[in-house]
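Note sheet for the following structure.
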Amino acid sequence: MSQSHASNEPIVNCPSCQQPTPYSRDNASRPFCSKRCKDADFIDWSNEERTIQGSSVYDDVLSGDLESPEGY
């Protein structure tokens, strides 16, 4: 997955397009290759097109099930 670049910076594949890209402080979009790929990934997460597998910790809790603090 990662290779070594000539300047000893690791090279990783962009999570969006798989293009090899340096993982360095000079790359403001790291681990992505560009702002476009970084933004596209963020949009996918916000549209819930990407998710983390497993059950939600909030599945069992409905707002009506929560006890209100005294005085509210």
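For all residues, glycine too, the Cβ spot is worked out from N, Cα and C.
Where the annotation comes from TrEMBL, it is an automatic prediction and has not been curated.
The region 'Disordered' annotation in TrEMBL covers 1-31. Annotated Zn(2+) binding site per TrEMBL: Cys14, Cys17, Cys33, Cys37, in sequence order. Feature annotation from TrEMBL assigns compositional bias 'Polar residues' to 15-26.
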>> Cβ neighbours within 10 Å, counted over all protein chains: which one of the binding-site residues Cys14, Cys17, Cys33 has the most?
In response: Cys33
> How many other Cβ atoms sit within 10 Å of the Cβ of Cys37 (Zn(2+) binding site)?
Replying inline: 19
>> Under DSSP, is Cys37 (Zn(2+) binding site) part of a helix or a strand, or is it coil?
In response: helix
>> What is the set of residues, excluding Cys14, Cys17, Cys33, Cys37, whose C-beta falls within 8 angstroms of the centroid of the C-beta atoms at the Zn(2+) site?
In response: Pro15, Ser16, Gln18, Gln19, Thr21, Phe32, Ser34, Arg36
